[in-house]
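As given in TrEMBL:
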| type | residues | note |
| --- | --- | --- |
| DOMAIN | 687-779 | domain 'DYW' |
| REPEAT | 63-97 | repeat 'PPR' |
| REPEAT | 269-303 | repeat 'PPR' |
| REPEAT | 340-370 | repeat 'PPR' |
| REPEAT | 371-405 | repeat 'PPR' |
| REPEAT | 441-471 | repeat 'PPR' |
| REPEAT | 472-506 | repeat 'PPR' |
Amino acid sequence: MGLPRIHLRLASTAAVRLHLPPSGAISHEVKDRKEWQLELEQHIARGQLTFARQVLDRIPAPDARAYNALIRAYSWRGPFHAAIDLYRSMLHRRVTPNKYTFPFVLKACSALADLRSGRAVHAHAAAAGLHADLFVSTALIDLYIRCARFGPAANVFAKMPMRDVVAWNAMLAGYAQHSMYQHAIAHLLDMQANDRLRPNASTLVSLLPLLAQHEALPRGKSVHAYCLRACLDQEEEQVLVGTALLDMYAKCKHLNYACRVFHGMPVRNEVTWSALIGGFVLCDRMVQAFSLFKDMLAQGLCFLSSTSVASALRVCASLADVRMGTQLHALLAKSGIHSDLTAGNSLLSMYAKAGLIEETMALFDEMAVKDTVSYGALLSGYVQNGKAEEAFLVFKKMQACNVEPDVATMVSLIPACSHLAALQHGRCSHGSVIIRGLASETSICNALIDMYAKCGRIDLSRQVFDKMAAWDIVSWNTMIAGYGIHGLGKEATTLFLDMKKQGFAPDDVTFICLISACSHSGLVTEGKRWFNTMTQKYGILPRMEHYICMVDLLARGGFLDEAYQFIQSMPLKADVRVWGALLGACRIHKNIDLGKQVSRMIQKLGPEGTGNFVLLSNIFSAAGRFDEAAEVRVIQKVKGFKKSPGCSWIEINGSLHAFVGGDQSHPRSSAIYQELDNILIGIKKLGYQADTSFVLQDLEEEEKEKALLYHSEKLAIAFGILSLDEDKTIFVTKNLRVCGDCHTAIKYMTLVRNRVIIVRDANRFHHFKNGQCSCGDFW
């Protein structure tokens, strides 16, 4: 009885088209079966599969052997759907498949991950009584594993009357590819205990990447010991296993072992070199990684691969070595690898991280083929270089080109919403990840927590955090940092205690976030306690960022002398950022003498930017010492530092509106200025008096008052009052620190206009409501 007819789902909707070969390619004379078979096999041997198909169609009554030969060729070389199509033709012509047919056609189904067709072939093999055949069963296991159907795969494996190492390896490879660590280890032990089979090179090459992924160093060492005892003889096996071993050691952060394996290998290929270079990159040993790459090049261009070049370009990006990166670009062009997608994406990432956006865009436009990684690299480059609006345009272009964003793309896009404080864009991005089924990804959730916090919605940050399927240390740190910038130090401390209860060990970043949260909330005693806990209980060695937080904590709390003594006692030499934290507090607490002393220390080190000049100038201006303030500004100008103009922006119905001080370019400027004048009248009645010490120039008092009234944040708030319903919160972002006068004025604004106003400045968030600010006037 023949096999039942089936309809197989093909990758192509049409059958393979037949094209006549060149004259004389196929003989038209009458031949017997053996001659046809010989001609068929000759075309297959030459790789002329189209001609081979034509020969097969001319054979009067082809047998299974003829079909098997061509199905096998298609299953190895492709197109894979042609193998399934030929199998269907075989059934249609009532040629009975045999035990050789099924493994070949199943291999094609596996390559296409075509579960529906594979199940139909499985049914045919069962009907023919061949489903328990060793080779057919192994091919079925491979198919089901490729389609992530472990139940059917395990069922086929369990019913095999006889199993060889290839069958065991098929199951093990599936467990390893899907990161099923415990299943893989148990399977390996069963293999040795039940069938008494010794792992071979394929077993080890499947297992070692899984051990690397889980950083299972003790088991990795055991495998290494087994490799030494097994004495692998084949050169190819030695290279494959040696490469997997050094990759395992490198990913377990044991580069010394990885190097010993590398130098002990008699033969190395480009994958071996790339694995070791990648290990050094992973461990942030960039200089050594680049030295290795140059050693690899010295072996000859035959070792140059897109993978190794990708690692080298990542090194260039990390070291900000654009010159070497451009040389690699030229080398790629000469060697012909520049058109490789992996190499092109690595170049994109390198130029983007270096801030060379024009070069990044030019390369992107030149690339013939682009994928999700290409768009992600360009998008990430824009975000990292402060071009958030351009990043959104790239994302729109990506969608227009039907390129599906992945987790990495969305993790790059969501911070763009944070930079712009564009809540509506952020919510759209959140909806996008939900629709795409990415909302449960931990990295996505971490980005959303940060985005909502920086867009003023710390409540939504906590909602995302509480609903996460799994937290990592970044999740806790991001949430603690979010509480910190909103001045919610007590909530940050409570979350830290919850983190410990959940079994998460804090890292150095955790304490930076925690101490900073205490600083923004005036919790000086608590901050000092957490700093001591970090060193004494957790053994974390403080780095410069921790000392900056501590100086900021003490100085903002008014303990200026203690902060100065703390700096003097630091085991590290204080940098400009440490002294800058103290200088900022001198401005708050109007300590001119200490401010001048600290300023001299900063001048010796060389200020990193305009901020410290501005702080010192402000200190003199606040004291009415305008000549000295002007002298500081002259020095600032001579040294080439330009003060960034204050800029504030507000999102209205998804559109961003930006303002600078005294700005009259907005279409509604006249209404905005009229509203501010009306507000000034109202807040003066409540007792507001302009703090003209925040005007740097020596102007008349009335002129100073007007200058203060038209600060950028006040313009943005006035526009918000005019544009938003009365029950809507006004949320404004400023690129600099809010000045003291604006801080006071905004508190009064909430009373005369009965509005809730949130301002995010360069330091933190200020929640203004009912004449009060969440910072408690401590910022």
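Every residue, even glycine, has its Cβ placed from backbone N, Cα and C.
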Residue distribution over DSSP helix, strand and coil in the repeat 'PPR' (371-405): 26 helix, 0 strand, 9 coil
Tally of DSSP helical, extended and coil residues in the repeat 'PPR' (63-97): 27 helix, 0 strand, 8 coil
Counts of helix, strand and coil residues, the repeat 'PPR' (340-370), according to DSSP: 23 helix, 0 strand, 8 coil
